[in-house]
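Participant: If you scroll down you'll find the structure; I have some questions about it.
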Amino acid sequence: MMSKLGVLLTICLLLFPLTAVPLDGDQPADRPAERMQDGISSEHHPFFDSVKKKQQCCPPVACNMGCEPCCG
């Protein structure tokens, strides 16, 4: 029984070596500087334009009440 399990494990490791598994450091999410250089930032992405367009300026009185978009 143990020899069959050893043969099966050897075959699996030969067909799917552990080096084929990507490491965490290879993921683009771990390198935010390179991800931002790709030009896929949320400031220039078309999906986020509708969110920015919906924000309108608040009247000056609303700045005291916590309205953020134009109080800066």
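Cβ from N, Cα, C; glycine included.
Positions annotated as signal peptide by Swiss-Prot: 1-20. The pyrrolidone carboxylic acid feature in Swiss-Prot is assigned to Gln55; the stated evidence is similarity to another entry. For Cys57-Cys71, Cys58-Cys67, Cys63-Cys70, the entry in Swiss-Prot reads disulfide bond. Residues or ranges marked as 4-hydroxyproline by Swiss-Prot on the basis of similarity to another entry: Pro69. Residues or ranges marked as cysteine amide by Swiss-Prot on the basis of similarity to another entry: Cys71.
Can you tell me where each of these features sits in the structure?
Facilitator: Cys57 (disulfide bond) counts 11 other C-beta atoms within 10 Å of its own C-beta, drawing on all protein chains shown. Annotation note: Cys57 (disulfide bond) sits in a coil segment as assigned by DSSP.
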Participant: Measuring Cα to Cα, how many Å separate Cys57 (disulfide bond) from Cys67 (disulfide bond)?
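Facilitator: That comes out at 9 Å between the alpha carbons.
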